[in-house]
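Working notes for the structure below.
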Amino acid sequence: MLTQFRVFGVKEKICILKGCQERRRDRPEFQHHTKPCTVSMAGNAPSSVAALKCSAGVKEELETQKSVFDPHGVDPNLVRKMEYDALVWSSLHGLVVGDRASQMSGRLPGVGLVHAPISLLPMSFPESHWKQACEVAPIFNELVDRVSLDAKFLQEALSRTKKVDVFTSRLLDIHAKMIDVDKKEEIRLGLHRSDYMLDEQTNLLLQIELNTISSSFPGLSCLVSELHRSLLHQFKQHLCLDPERIPENNAVGQFAEALYKAWAEYNKPRSVVMIVVQTEERNMYDQHWLFTLKYTYQVRSIRKTLAEIDEQGELLPDGTLVVDGEAVAVVYFRAGYAPTDYPSESEWSARLLIEQSYAVKCPSIAYHLVGTKKIQQELAKPNQLERFLENKDDIAKVRKCFAGLWSLDDSSTVKDAIQRPGLYVMKPQREGGGNNIYGDDVRLALQRLEKEGMEEDAAYILMQRIFPTISPAILIREGVSYKDHVISELGVYAAYLRNKTNVIMNGQSGYLMRTKVSSSNEGGVAAGFAVLDSIYLV
Ligand code: ADP
Ligand code: MG
């Protein structure tokens, strides 16, 4: 049945988290974030359930106030209706992913589809923080571009990591080869997503990471915003929530436009956009949404794995990349960010071939490296941002988003993390979810590294753990809904396109809210930890 509910007892876990927040006050490094939390979230709002029972008399007033609401307080019959409609809407509008239960669903489109994991209703999010995240998006784009131009900085900052992390080392080797031949990237395309959590205690919007490769869900995130708007319209009488408070989300349109404009700058009308994909991809519809650009812009696209590119690709003497007989104008990576994407030398040759060519790369090897956790940590050091940005206001805005970030050669931080591991996250140089270390495992990992006295510590960074507000939500996965308590992570997409000195695009380009049960550490939707969500501005 579609409407089965499973309510998890999460009280104990919430208490544990609160305990961490209490203890965190002792830590001097966190003292500058000590403003009390003023975000009124559903769980704390005494009148939240009343807002759902809208009588004609109070309705107008409730509509005008920026009310937050408690989905757990919604009448179960109404929830069942909304769930049913949400599932119909998702099926009809392509808010779908490949079903794990179907063997071919990751290879063949149209086979074994299931609705994407979603939250039934949007998540409350403060408008001021939403504006802050949008405002800083073009500055982060600029920062990525500037840092990517400093090859020496990238090589030096990652030099210790290189010794212990084979994957990063291979990326750096390609980067070094490009330095040797003085390779210039004139057309520079970045399709980024900066991820944030709103720390409850300090009320600060803190960056989790900046994705410069394979930023996922520009396609499906727009659909979730649309679905939520449609449900709020349809059930307006009962919910009293204003659909207009869900911000416009056109990530797919903006990313498609950026890909098209990059293709136009390359200026070879018969060339194609090539999307680099994994052999098996259950999130293929998100990618296919982006490539409806062929209908809007009449640009042809091809999908290839790195192994296929190695087999079918060649470099013409003028630097043109030809794959399967097609000249490639733009290479858009939705693979190539994880070691598993390079099972043999063939995939590495393909990555090098692409980098050597004059095709526009999204991302170039340098942009890819700028998105590593180590570079994030280096940029958070004092006076580093000043090397790349001139405008003092811009620097302050970027710095305000930085959480505490440390290298493992910072012995006092390592000591503190061993004593209070719950306040930290330990991160390797990996992408794609499921790689971080949390809680007591941080202590164990740090003690192991200390004991072994190896250079392996350079493979990790330490980050302040962010504790967002826990809110009630209804999550739907594979047709089954769950009432749960959740935390959310806002991703803001941003497209950047520059040809020589001409900046053609640079701006916020939509958003993705990901919501996960509060007891889960990791956040990936594709990795099975989170669901897709949208935001309701309060
Ligand atoms: P990945 O490249 O694997 O996506 P992230 O840095 O985004 O790596 O971490 C994965 C997930 O772990 C995030 O989506 C978030 O849910 C959680 N996470 C990461 N850093 C923190 C942090 N400092 N505090 C709390 N949760 C975090
Ligand atoms: Mg992430």
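Positions of Cβ are set from backbone N, Cα and C atoms, glycine also.
Bear in mind that the values here come from a model prediction, so they are computed numbers and not experimental data.
For reference, TrEMBL has these:
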type	residues	note
BINDING	Arg193, 213-216, 281-283, Gln287, 334-337, Arg514, 525-526	substrate binding site
BINDING	Glu209, Lys373, 427-436, Tyr438, 463-466, Glu489, Lys516, Glu522	ATP binding site
BINDING	Glu209, Asn211, Glu431	Mg(2+) binding site
DOMAIN	272-370	domain 'Glutathione synthase substrate-binding'
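Recorded features from TrEMBL, shown on the structure.
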residue : record                 : DSSP class
Glu209  : ATP binding site       : strand
Ser214  : substrate binding site : coil
Arg282  : substrate binding site : coil
Gln287  : substrate binding site : helix
Pro428  : ATP binding site       : strand
Gly434  : ATP binding site       : coil
Arg465  : ATP binding site       : coil
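Look at Lys516 (ATP binding site): DSSP puts it in a strand. With respect to Asn211 (Mg(2+) binding site), the closest of these binding-site residues in Cα terms is Tyr337, chosen from Arg282, Gln287, Ala335, Tyr337, Gly434. Listed in chain order, the extra residues whose Cβ falls within 8 Å of the Cβ center of the Mg(2+) site residues Glu209, Asn211, Glu431 are Arg193, Asp195, Leu210, Thr212, Ile213, Ser215, Tyr337, Gly371, Lys373. If you take the Cα of Glu209 (ATP binding site) and the Cα of Arg193 (substrate binding site), they are about 8 angstrom apart, rounded to a whole number.
For the binding-site residues Ser214, Gln287, the ranking by surrounding Cβ atoms (within 10 Å, all protein chains) places Ser214 first. Less than 6 Å separates the Cβ from ligand 2 in the case of Glu209, drawn from the binding-site residues Glu209, Gln287, Tyr337, Gly434 in sequence order. In this structure, the binding-site residues that sit close to ligand 1, with a C-beta under 6 angstroms from any of its atoms, are Glu209, Glu431, Arg465, chosen from Glu209, Glu431, Tyr438, Arg465. Here the C-alpha separation of Gln287 (substrate binding site) and Pro428 (ATP binding site) works out to 27 Å.
For Ala335 (substrate binding site) paired with Glu431 (ATP binding site), the C-alpha to C-alpha distance reads 11 Å.
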